[in-house]
Structure formats: C-alpha cells, structure tokens
Amino acid sequence: MSLTPDYLAQDTSRVLFNVTTAVTILTTLVYILFLISRVFCVERNNLEVWIFPVLSYIFCVGLWTLSYLLYAEGGAGRHIAYWFIAKPAVITTYLKIQTAAEFVYVAACLFPKLTILALYLRLFTNRTVRIGAWIVIGVCIAHAFANIVASFTICRPFEYKWNKTIPGGRCSNPMASYRFVSLPHILTDIAIFLLPWSSLYHLMISKKQKLGLCLTFLIGSLGMITAIIRCVSFFRIDLESDPTWYAPTLFSYTIVEPSAYLICSSFLSLRPMLRMVYMWTRTKVDSYYGTGTSRSGQSEITLSHLKGGHRASISAIKSLSRGEDDDRKSNFIRLDETVDVDVSPPYGAGRV
C-alpha cells in the first residue's frame, strides 16, 4: 500500500476523546445520584453497598485515565505507519497503555456485576434465585481471575507485550483473547438479567408497582448490550493490522462497557431517592391545592377485632386553615385538644 501524505495525515483521535469525556460525565453524575440515594434516603446500608460500587467507580476512573493517556501520548487515531516514521517510541507507549487497560478492564467489569448480585441476595428470599446468584458470583470471579492469568502469560516474557526487541520473546494469539473474553461477560449478563424475573412475577403487588420494578431491573441489565457490541467489534476489526488506527473505536467500546455496567448497577439503587422526590413533590402539590383532607375536617380510624369481639373508633379533628404552615408542611394530622376513643365490649360484657 502506498503511504501517501493524505494517508499518513489521517487522524481520528478526537473520537476517543469525545467518547471518554461523555462517558466520564454521565457515569459520574449517575454515581453521585447513587451516593445521594444511599446516604440521604436510606436509613441503613450494608457493607457491600459501599465496597463494590466504590471499587467499580475507582476502576472506571482508571480506564478513563488510560483512555486520555492513549489519546494524548499513545498515538491513538493515527496509522501505525505514521508512528514508525515519525516517532517509533509512541508505539511502545501505546502497547504499555493497552497492557494496563487489560487488567483494569477486568476489574471494572467485575465489581458492578457483584453489586447487582449482592442486591439480589439482599432482596430475594427465593432459594433458586439465591443459589443462582451465588453461582453467577462464582463464575464472574473465576472469569476475572482467568483473564488476569491470561494477560500475564500470553506473552513470554511478560515485557515482550510492549518490547518486541527482546530476543526469543513470543506471544500467543492476543486477538483470540480480546475476542473471546467478552463471551463469558455476555453469558453472565444474560444470567443476571434472567435471575429476578420469576420472583418479580410472583410478587403480590399492584401491576403499576410490578411494572416499575420490572423496568428498574431491565435498565439494570442494559450493560449486556454494550458487551455484545464490543464482542462483535473485535470480530469485525483486525486490531493487529493497524492497532493505533483502530484504537479509538475499540477502546471506546472498552470504556463504555464497564461504565454501562456501573450506570446500570447504580440505577437499581436510585429507587429510594426517586420515591422520596416523588413523595416530596406530591406533598407540595397537595399542600398548594389543599387536597388530601377529609370533607368534614374529622378523620376516623376504625379498628375491629377479627372475630367481632371488640370494636374501637378513634376520631381526631384537623383544622382546615390554610394559614397553618407548620402543620401542612409536616404532613401529619394535628389533634385538636382531645382524642375520643370508644370501645364496644363483647356481647353481655360490661361497659369499659
């Protein structure tokens, strides 16, 4: 192939920069909402709520950092022929960043999945779901460990991954590793997607609530789509033929996939915050329009014995004055002086 000036001048590095920036901003915003939801809207959080999401975000930050380094120092977006001519040292830098990304990517994909599976174990009591969750946890950890071992052993010596001048150094087929590493990700994603549905189907709640839960768990499984896209991309593109040229596309998928996992796992924990916002908004609207009060200003709660033995009624009077801001804001019924309690005894008994 003729190395024309136009060919050597081609540069698509901006794609990687734009994708990384967009993913960083979006994921960070969702993660902040997750923290707000867990800190201010939930009374108590288990330890795994803090361990797995925090580690997920840390490793995603690591991938974003490597992506910016690849853009600034790794030669991403230019043909490798250009770097052979202009600055061969950039190729070594690219290979070092690529090697680091292999390890960070594995951890960045693992911990969001553990976050979702830990949530399943906390929410569901169904024995089948819990056993399935533990099995998927084991598969995810084993897959991550296998990927780390493969990254360490695919080239002998290890340094040969970025230093091709080492005498006697050799590498196995790295493209096979890149292509097939995503397949177990997809399989575990499918398992995570399917696990909760039987329990959700049998929940004794309204259709509206059930639909809301189903949509929440559906969003929590959308990371599977990015895993499929990344896997297909590595089969369609021969990275070794021109690694720096194809880097913006493939590395974009590499950072999007774990970021999508983190976003999806965070969405599952946003329900407390969304519920609180909904209730606050509803209270404000009801207060403004004066709705939510009884017609007569008196509320009555009737408590009955299951067998008809006793019957009790409690009445409380609430002022309808719109000037009582404190009472209206508190969303409680203010009792006016006294509470009348009437208890009717069983048949034949004396008056209490």
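Quick reminder: no glycine exception, Cβ is built from N, Cα and C everywhere.
Annotation comment: TrEMBL describes 38-275 as domain 'Rhodopsin'. In the predicted model, the domain 'Rhodopsin' (38-275) shows an average pLDDT of 87.
Residues annotated as transmembrane segment in TrEMBL: 15-37 (among others).
As annotated by TrEMBL, transmembrane segment applies to 49-71 (among others). Long-range contacts of the transmembrane segment (49-71) within its own chain (CB-CB distance under 8 A, at least 6 residues past either end) are made by residues 13, 16-17, 20, 23-24, 27, 31, 34, 38, 77, 94, 97-98, 100-101, 104-105, 107-108, 111-112, 114-115, 118, 247, 251-252, 254-255, 258-259, 261-262, 265-266, 269.
The annotation transmembrane segment is assigned in TrEMBL to 103-121 (among others). Counting residues 6+ beyond its ends, the transmembrane segment (103-121) has Cβ neighbours under 8 Å at 46, 48-49, 52-53, 55-56, 59-60, 62-63, 66, 129-130, 133-134, 136-137, 140-141, 144, 147-148, 151, 185, 188-189, 192, 195-196, 220, 223, 254, 257-259, 261-262, 264-265, 268-269 in the same chain.
Panel annotation: around the transmembrane segment (133-154), residues 99, 102-103, 106-107, 109-110, 113-114, 117, 120-121, 124, 161, 171-172, 174, 177, 181, 184-185, 187-188, 191-192, 195 of the same chain, lying at least six beyond its termini, place a Cβ under 8 Å from a Cβ of the stretch. TrEMBL lists 133-154 (among others) with the feature transmembrane segment.
Look at TrEMBL and you will find 183-204 (among others) tagged as transmembrane segment.
Among the features that TrEMBL reports, transmembrane segment is placed at 211-235 (among others).
As annotated by TrEMBL, transmembrane segment applies to 250-270 (among others).
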Any contact, the transmembrane segment (15-37) to the transmembrane segment (211-235), with at least 3 Cβ pairs under 8 A: no
Same-chain residues at least 6 beyond the ends of the transmembrane segment (211-235) whose Cβ lies under 8 Å from its Cβ atoms: 112, 116, 175, 178-179, 182-183, 185-186, 189-190, 192-193, 196-197, 200, 203, 205, 249-250, 253-254, 256-257, 260-261, 263-265, 267-268, 271
